[in-house]
Amino acid sequence: MSRLSAAVVAIDGPAGTGKSSVSRRLARELGARFLDTGAMYRIVTLAVLRAGADPSDIAAVETIASTVQMSLGYDPDGDSCYLAGEDVSVEIRGDAVTRAVSAVSSVPAVRTRLVELQRTMAEGPGSIVVEGRDIGTVVFPDAPVKIFLTASAETRARRRNAQNVAAGLADDYDGVLADVRRRDHLDSTRAVSPLQAAGDAVIVDTSDMTEAEVVAHLLELVTRRSEAVR
């Protein structure tokens with residue numbers, strides 16, 4: 001049974017803040033559903049790459065995005081992402097998609113379609129934790145609970161590099177740091193839905209916090225806010 005009365009918990013922030021893992025754990029603690037909107041942009045990006053299109057070709061990206069068929073699970077303990085019925089949960093996390101997703105997600109038509117889909121997917125019984133980059137500012141600007149996670153670029157690069165090494169990839173902190181800074185620039189300067197905290201969001205710097213500490217802090221924030229809106 002859900003411990004949350006507020007319908008939507010919006011969690012935004014750049015990559016490497018622990019956003020995805022924290023959001024999943026928070027949803028589990030709250031007994032809420034979970035929606036990873038970043039995975040949706042990755043699915044569209046994978047569709048673009050599979051079609052052999054250039055991610056910077058706006059017309060081609062728009063055409064592909066308008067017809068792409070996707071579905072995602074709501075279980076915070078799972079990672080079910082499907083493209084045209086095929087499980088692509090692992091493939092969308094690959095380097096090729098990671099390098100191209102910023103270009104694809106900056107296309108206005110892509111964001112328009114996915115925002116509509118995100119709002120539809122969030123409907124249903126119970127509460128939902130939605131994580132992304134424009135949830136509190138664009139997708140659910142009226143969400144009763146808005147949280148923006150942040151951390152220094154260096155901290156986020158260390159975390160991402162450690163994940164790569166643990167997964168058997170090369171130890172390349174400098175390369176990861178450069179990619180983090182590049183992604184930050186692209187996300188914060190794009191014309192449509194730039195990455196920024198909502199004016200009424202609670203900003204949490206996770207640089208010196210463990211994942212468990214962040215989850216405990218957010219659980220307290222969400223519970224307190226939920227009680228306030230009852």
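In case you wondered, yes, glycine gets a Cβ from its N, Cα and C as well.
These features come from Swiss-Prot:
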type	residues	note
BINDING	Gly13, Pro14, Ala15, Gly16, Thr17, Gly18, Lys19, Ser20, Ser21	ATP binding site
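Sequence features annotated in Swiss-Prot and their locations in the structure.
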residue	record	CB count, 10 Å
Gly13	ATP binding site	27
Ala15	ATP binding site	21
Thr17	ATP binding site	24
Lys19	ATP binding site	25
Ser21	ATP binding site	14
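Other than the site residues Gly13, Pro14, Ala15, Gly16, Thr17, Gly18, Lys19, Ser20, Ser21, same-chain residues with C-beta atoms no more than 8 angstroms from the centre of those residues' C-beta atoms, the ATP site, are Val22, Leu149, Ala151, Arg156, Thr206.
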